[in-house]
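Enquirer: Pulled these from TrEMBL:
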type     : residues                                                       : note
DNA_BIND : 636-655                                                        : DNA-binding region
BINDING  : Gly286, Ser287, Ala288, Gly289, Thr290, Gly291, Lys292, Ser293 : ATP binding site
COMPBIAS : 227-241                                                        : compositional bias 'Basic and acidic residues'
DOMAIN   : 278-567                                                        : domain 'AAA+ ATPase'
REGION   : 227-246                                                        : region 'Disordered'
Amino acid sequence: MKAGGNQGFMRRPRSLTFRFKRLLLMTCSLVTHQYKVYCTFHQCFPIRFCPGSEMLQVEDGARLECSVAVERVSGASAGHALQRRVLRRAAVTLGRDEFRELVLRVQDVRGSPPESFALRDDFRLFTRFVKDGKCTVNFPQNNAQLLISDCPPDRLKTFLKTLSIKHEASRGSNPVSQRARMRAGVPRSFEIISPVQQKDIQKANELRSKVNAPVQVKALTERAVNRTDGRQQLKRPRTDGDTSLVKTLHPHKKPVLTLPVAQKLSKEQMAVLNAVLSGKNVFFTGSAGTGKSFLLKRIVGSLPPKSTYATASTGVAACHIGGTTLHSFAGIGSGSAPLDQCLELAQRPGVLQHWTSCKHLIIDEISMVDAEFFDKLESIARQSIRRSTEPFGGIQLIVCGDFLQLPPVTKGKEKPSFCFQGRSWRKCIHVNMELTEVRRQTDRTFISLLQAVRVGRVTEEVTARLLRSASNPIERDGIVATRLCTHKDDVELTNENKLQQLPGPLRVFQALDSDPVLVKTIDAQSPVGHTLQLKVGAQVMLTKNLDVQRGLVNGARGVVVDFLPGNQGLPRVRFLCGAVEVMKRERWTFKAAGGVYLSRQQLPLKLAWAISIHKSQGMTLDCVEISLARVFESGQAYVALSRARSLEGLRVLDFDPRVVQANADVLTFYKKLKRDRLLLQSSMNDFVGKSNKENQIW
């Protein structure tokens, strides 16, 4: 590094060990010629970037970097494309011209002249595929349209909302004609739009309220019409041929606009996001309920969709982040075949396309991926597909999970082999970070209890509290506790028996799948089954966020109170939060092998007398009952206990402290991470103190 803003990082004590030097260099390498880095080293190396770093201003709503196709069309309403220019790397900026009119400016980032498009009242937005980073902006007056693609979805949503608010707030002003522009003789200029203010929202909503108000149409008047016989005929007034009277009286209502504000990240979560956006290979961990899956969704929304693949070790976890399973992405089956055979499988056309287009690979629930499979993926990416000497073929890895939760699946009494024990792990992961702020539970006593169980430390106090929970009265309003089971067979048997014991007719709801032939593939990733059987009194669980404000979230517990009359006979469910809701079909979309999208439409419910501990991973349950007598894996007891929102909503049966265990290799791994972090933090504190003294002298 040269002298300048980064020179302080070069003056470090000579007494540092080689290992610390390596860690320091890894961290300091986040500093580039474009972006300054301030290292706070809170927990495991969080990195906080300067506000001036344009790349990392995730909430910036005035500028996009994406692919753009500029089309000249034959008609005003998006007709046949007469001319097409594709910009693979373009900057789309919202701003104002010399007459203070809104314009979109498109420019190739490699330096070609910009092209501007005025946002008049007749422009149109097509936003059906925003979640995939795509949208179309049509300019009828210019007979042109912009096809935006490969844009980070979260940034695109913010940009479009900013555009809508600014355009709506400026509707009152009349556009300047081309003749007036020529006569004015004002030099051309462009100014980036100012951030959205509350006054913009207020003005836009005032104008929308006028549109939403019913039009007061005058009463019908008599109009004389000449007849051939000389007499007059009374006739009502003529209305415009293209305007419906119903539409005139009741125009289409536009929704109320709000500020484009995303749910805030904590400092720890923002540090992880910044590290990812800086291009580093990141592993971030944290105990249950620290917001790992929530953060992963934000990371997915901040990266370009075409080159980003979100995966997870299980289908349920993949569904939570809108991705696919790691095995489906890799295309090598279970990975048990020899490496040469796995390389051949990865060369198949559909699979090869995944690997060659991937620049950012996200892996959730890494604890359930074994070392051998991870090493094979690294070899495939580096040797065969991308032919690169860089670890993982130069693909950026964003890896998430808690190794103290569920381990990789093993055969018989085989010892699990974790990813961090693989030969390629240390080469691939540049930065280790930890989330420590628990958000699922708010009771500090319960959080402390869970942290002790997580590391396999069960004191007499912890034992006493869990034993006392056996008498917790957690049933309410006909809703009984969900039992977490260690084995899948126990779950199916419990739910079937309980449903059969209920009186009344059985209602069956079949899912609508996009491809019935691939029902098993959909089943592996879907949180709902192909067939759902219900009766009045059935204990159910919500499998999708419907209304967070009302408590209708994934994992919310309820009971079926009745069915609507008619052919569909939709169930009405009373939830523990107090809401009573008629359940309608919801759609889930999954990414399968070869980039094919599959979907399932089904009621967002599942029977909830019992669920497996594996299926519960990532869930938050209001009332849960746990039997730990048959726990057979390290981390299983912790995963089960941490599903509960509070100690009051938890009932533990036949608790035995001996079933609570943490893997010794994992504990050693986490101790090393903590030791390295403390060493780095201590040395940096000494360095910062010394630098401050030198600055005072100067």
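FYI, residue positions are counted from 1 along the chain as it appears here.
In case you wondered, yes, glycine gets a Cβ from its N, Cα and C as well.
It should be emphasised that the depicted structure is a prediction, and the values quoted were computed from it without experimental measurement.
Show me how these features fit into the structure around them.
Expert: When pLDDT values are averaged over the DNA-binding region (636-655), the model yields 88.
Under the three-state DSSP scheme, Thr290 (ATP binding site) falls in the coil class.
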Enquirer: An 8 Å radius from the center of the Gly286, Ser287, Ala288, Gly289, Thr290, Gly291, Lys292, Ser293 Cβ atoms defines the neighbourhood of the ATP site; name the other residues of that chain inside it, in order.
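Expert: Going along the sequence, the neighbours appear as Asp402, Leu435, Val438, Arg439, Arg440.
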Enquirer: Gly286 (ATP binding site) has how many other Cβ neighbours within 10 Å of its own Cβ?
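Expert: Its Cβ has 23 other Cβ atoms within 10 Å.
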Enquirer: Residue counts in helix (H, G, I), strand (E, B) and coil for the DNA-binding region (636-655), per DSSP?
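Expert: In the DNA-binding region (636-655), the DSSP-based counts are 6 helix, 5 strand, 9 coil.
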